[in-house]
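Chemist: What Swiss-Prot shows for this protein is this:
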- 83, 182: heme b b562 binding site (BINDING)
- 97, 196: heme b b566 binding site (BINDING)
- 201: ubiquinone binding site (BINDING)
- 33-53: transmembrane segment (TRANSMEM)
- 77-98: transmembrane segment (TRANSMEM)
- 113-133: transmembrane segment (TRANSMEM)
- 178-198: transmembrane segment (TRANSMEM)
- 226-246: transmembrane segment (TRANSMEM)
- 288-308: transmembrane segment (TRANSMEM)
- 320-340: transmembrane segment (TRANSMEM)
- 347-367: transmembrane segment (TRANSMEM)
């Protein structure tokens, strides 16, 4: 008799995805982040569900309901901080996952990569709307500033912003719809992640060498299941330390002040994971130009397969490209730092130079370096 896991219609899918899946024998810990992102998403949906049981999406009671969760609900403080810091872990894993894809040329799987870019946008939208829900000062002003960017769209901009707001300013209607979208989007993300996995399993995983691994495959279970469990334990440990010892480390103190439309905070800034994009937005003195740069700073990822000029897939054997890749990482860290600084000298010029370098590296320098490496290797 054949094993049930190989014959049952549902078990068969799970078996072919997580048990008998042929995987390259040499994939490193950089390939752990897919499973970690799945764990993050599950954690966010579960903690979010329990928070939604006690949260009220009304401007008069939203802030109080979050306070009530932290003070009066059993382990409410834990659920709330797991959700808030879980988002930070989610983005750390996302950035490392995308960085791995860029370094090892995983973007050559076009369908998988493009779904990934859509997933990144969806997660960013979800995180932004979630940040608005506690209805603190930074929630309100962050929502006002970011939604206002759409008014830069010619002709329809103002109407579009007022349509999203549901009125003439960020108010009750805005908060209610943001809560609705924040609740539904993670389930859409889960479905997209399924499609992401579906496309990945059409081709199989890439590996550090960038070469075909068809000649040397091993079963996913037990080799990579145990490896993923180890990665998960490390991540859960890091998240636990963050939540239990310094839960407010990555948050903004201004968000403990209830939203006040009559009082603008001195420095409006988003959560740390959006700071690099915020710095690019601020570095252009024109509203529409800034918005375009902001969108393109993420959308540029979709161009990566077209900008690949090397005859090798991975950067493993390409030292010049490696140097430029790590320069890009340093540049993104610089942008993240600048995004959290006030708009004054010398931060303005540093932000502008870092923004120019960001686009120059991806669009010009890295493709040129790849061509140069082809010539050096006489390919």
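In case you wondered, yes, glycine gets a Cβ from its N, Cα and C as well.
Could you place these features in context, so I can see how deep they sit and what lies close by?
Modeler: The Cβ neighbour count for residue 182 (heme b b562 binding site), using a 10 Å radius over every protein chain in view, is 21.
Neighbour list (residue 196 (heme b b566 binding site), Cβ cut-off 8 Å, at least 6 residues apart, same chain): 112, 115, 116, 119.
There are 14 other Cβ atoms within 10 Å of the Cβ belonging to residue 201 (ubiquinone binding site). Reduced to three states, the DSSP call for residue 201 (ubiquinone binding site) is helix.
Only residues 6 or more beyond the boundaries of the transmembrane segment (33-53), in the same chain, are considered here, and those with a CB under 8 A from a CB of the stretch are 69, 79-80, 82-83, 86-87, 89-90, 93-94, 96-97, 100, 182-183, 186-187, 189-190, 193, 228, 231-232, 235-236.
For the transmembrane segment (113-133), the residues of the chain that approach it from at least six positions outside its boundaries are 55, 57, 62, 66, 87, 90-91, 94, 98, 101, 106-107, 139-140, 142-143, 146, 174-175, 178-179, 181-182, 185-186, 188-189, 192-193, 195-196, 199, 270-271, 273-274, 298-299, 301-302, 304-305, judged by C-beta separation under 8 angstroms.
Listed by sequence, the residues of this chain that lie at least six past the ends of the transmembrane segment (320-340) yet keep a Cβ under 8 A from its Cβ atoms are 99, 102-103, 269-270, 272, 274-280, 282-283, 310, 347, 350-351, 354-355, 357-358, 361-362, 365-366, 369-370, 372-373.
Residues 279-280, 282-284, 293, 296-297, 300, 303-304, 307-309, 321, 324-325, 327-328, 331-332, 334-335, 338-339, 341 of the same chain lie 6+ residues outside the transmembrane segment (347-367) yet bring a C-beta within less than 8 angstroms of a C-beta in it.
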Chemist: In terms of Cβ proximity under 8 Å, which residues at least six beyond the ends of the transmembrane segment (226-246) contact it?
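Modeler: For the transmembrane segment (226-246), the list is 29, 32-33, 35-36, 39-40, 78, 81-82, 85-86, 88-89, 93.
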Chemist: Which chain-mates of residue 83 (heme b b562 binding site) that are at least 6 residues away have a CB under 8 A from its CB, listed by sequence?
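Modeler: Spatial neighbours, sequence-distant, of residue 83 (heme b b562 binding site): 44, 47, 48, 51.
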Chemist: Run through the Cβ atoms and count how many others sit within 10 Å of the one on residue 97 (heme b b566 binding site).
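Modeler: For residue 97 (heme b b566 binding site), the count of other Cβ atoms within 10 Å is 20.
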Chemist: For the transmembrane segment (288-308), what are the same-chain contacts with Cβ under 8 Å, counting residues 6+ beyond its ends?
Modeler: 98, 102, 105, 107-108, 110, 113-114, 117, 120-121, 124, 149-150, 152-154, 276-278, 280-282, 355, 358-359, 362-363, 366-367, 370
Chemist: Could you give the Cα-Cα distance between residue 182 (heme b b562 binding site) and residue 97 (heme b b566 binding site), in whole Å?
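Modeler: That comes out at 23 Å between the alpha carbons.
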Chemist: Quick check for the class: what is the C-alpha distance, in angstrom and rounded, between residue 97 (heme b b566 binding site) and residue 201 (ubiquinone binding site)?
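Modeler: Rounded to the nearest whole number, the Cα-Cα distance is 17 Å.
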